[in-house]
Amino acid sequence: MDTCRAPANASKCSGNTMECFMVLSTQAQKISIGILCGLFGTMCVFENSLVLYLIFSSPGIRKKPSYLFIGSLALADILASIIFVCSFVNFHVFNKAGFSKEVFLLQLGGVNTSFSASLSSLLLTALDRYISISRPSEYKLLMTRKRAWTALAVLWLTCATIACLPLLGWNCCVLDSVCSELFPFVDDNYQSGWVCFVMVLLGCIVYAYAHVLWRAHQHVAYMEKHQAQVGKQNTRMRMDVMLAKTLVMVLAVLVLCWSPVLVLMIYSIFARLSDHLRKVFAFCSTLCLLNSMVNPIIYALRSKELSSSLRRVFSHFRRQLKVTEESPEAESTHKSSVIETVCEDTHTM
């Protein structure tokens with residue numbers, strides 16, 4: 001396996017740079033990380049899989065570009081959870097480092113691709129709401145299914161390309177440059193570039209949501225002045241306001257969960273991290289899973305279409321369960337009736 005220079009504060013690692021990044025020193029820390037990853041990861045996969053099912057099992061929902069973007073977000077969160085949990089637990093909890101530099105960078109690329117696609121899907125959703133509220137009369141012409149699918153294809157291709165740059169050669173082993181103190185083999189300049197990319201995404205999302213909130217506030221004021229008017233326009237505005245509030249909740253959770261990780265990554269660019277801060281970074285990384293787990297809950301609680309679809313699924317499940325429970329009773333009643341009839345015929349004879 002190729003070796004790279006270890007972090008300056010990890011000279012005790014006796015030449016094995018992979019071990020330099022295994023910062024969890026006690027069994028309690030490893031168990032805590034394992035429990036958090038297992039809980040958040042399992043719930044995230046289940047909830048986002050349910051969101052995907054609700055979207056693509058309903059023809060009326062899956063035709064709308066808004067829900068195509070939400071579906072992309074759910075898919076990105078599922079992939080991020082699976083890849084992140086498997087690689088993170090395998091590395092930090094079980095301390096397995098018997099794989100090559102290329103395998104590690106491939107895993108890291110998968111995690112970065114998924115999380116970047118998650119943020120980018122939120123950006124597309126914000127832009128979708130921005131167009132819907134700022135230019136409602138032209139929305140259907142501007143945001144078509146074809147354009148939505150094209151935007152998603154460009155999104156995923158761009159995120160995958162940026163995430164795979166270390167695997168393609170932009171790493172501190174090939175360049176013989178300064179390595180990151182948080183990730184093995186990762187060039188410090190690449191980490192800076194990825195952080196800037198994420199910050200640009202967050203900035204664009206915040207700007208789009210700020211405009212959406214402003215227009216939503218105007219819509220609320222308009223509806224309060226025209227309460228007597230009931231029509232399709234008011235219904236559409238109510239839906240826009242509801243979805244805008246939902247997406248702002250998603251953004252708030254996103255910022256709260258990602259801020260600690262981004263702050264520590266930025267800090268590591270300008271200063272050396274102590275062992276304590278590197279442990280804090282490991283635990284803060286699990287907050288990204290928490291964000292992916294909370295997003296579907298917000299959709300289910302705030303989106304009327306998804307919540308209605310979810311209620312239909314639960315109603316269908318309850319009916320099927322009720323039929324299954326009643327079938328043995330009906331069969332037992334039928335058998336008892338047959339036995340009683342036979343007994344009566346025998347007594348008559």
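Just so you know, glycine gets a Cβ as well, placed from its N, Cα and C.
For the domain 'G-protein coupled receptors family 1 profile' (47-299), the model's average pLDDT works out to 84. The domain 'G-protein coupled receptors family 1 profile' annotation in TrEMBL covers 47-299.
Long-range contacts of the transmembrane segment (31-55) within its own chain (CB-CB distance under 8 A, at least 6 residues past either end) are made by residues 24, 61-62, 67-68, 70-71, 74-75, 77-78, 81-82, 84-85, 88-89, 92-93, 282-283, 286, 289-290, 292-293, 295-297, 299-300, 306, 309-310, 313. Marked as transmembrane segment by TrEMBL: 31-55 (among others).
Under the heading transmembrane segment, TrEMBL lists 67-91 (among others).
Per TrEMBL, the feature transmembrane segment maps to 103-127 (among others).
Among the features that TrEMBL reports, transmembrane segment is placed at 148-170 (among others).
Look at TrEMBL and you will find 190-210 (among others) tagged as transmembrane segment. Below 8 angstroms of C-beta separation, residues 112, 116, 119-120, 122-123, 126-127, 129-130, 162, 165-166, 170-171, 180, 182-183, 244, 247-248, 251, 254-255, 258, 262, 265-266, 268-269 of the same chain, each at least six residues beyond the ends of the transmembrane segment (190-210), sit close to that stretch.
Beyond the ends of the transmembrane segment (246-268), by six or more residues, the same chain brings 119, 122, 125-126, 129, 180-182, 191, 195, 198-199, 202, 205-206, 209, 212-213, 277, 280-281, 284-285, 287-288, 290-291, 294-295, 298-299, 302-303 to within a C-beta distance below 8 angstroms of the stretch. Among the features that TrEMBL reports, transmembrane segment is placed at 246-268 (among others).
Long-range Cβ contacts of the transmembrane segment (280-301) within its own chain (Cβ-Cβ under 8 Å, at least 6 residues beyond either end) map to 23-24, 32-33, 36-37, 40-41, 43-44, 47-48, 50-51, 70, 73-74, 77, 80-81, 84-85, 88, 92, 115, 118, 182, 246, 249-250, 253-254, 256-258, 260-261, 264-265, 273, 307, 310. Here TrEMBL flags 280-301 (among others) as transmembrane segment.
Same-chain neighbours of the transmembrane segment (103-127): 18, 66, 69-70, 72-73, 75-77, 79-80, 83-84, 87, 151-152, 155-156, 158-160, 162-164, 166-167, 171, 183-186, 194, 197-198, 201-202, 204-205, 208-209, 212, 247, 250-251, 254, 288, 292, counting only residues six or more beyond its ends whose CB sits under 8 Å from a CB of the stretch.
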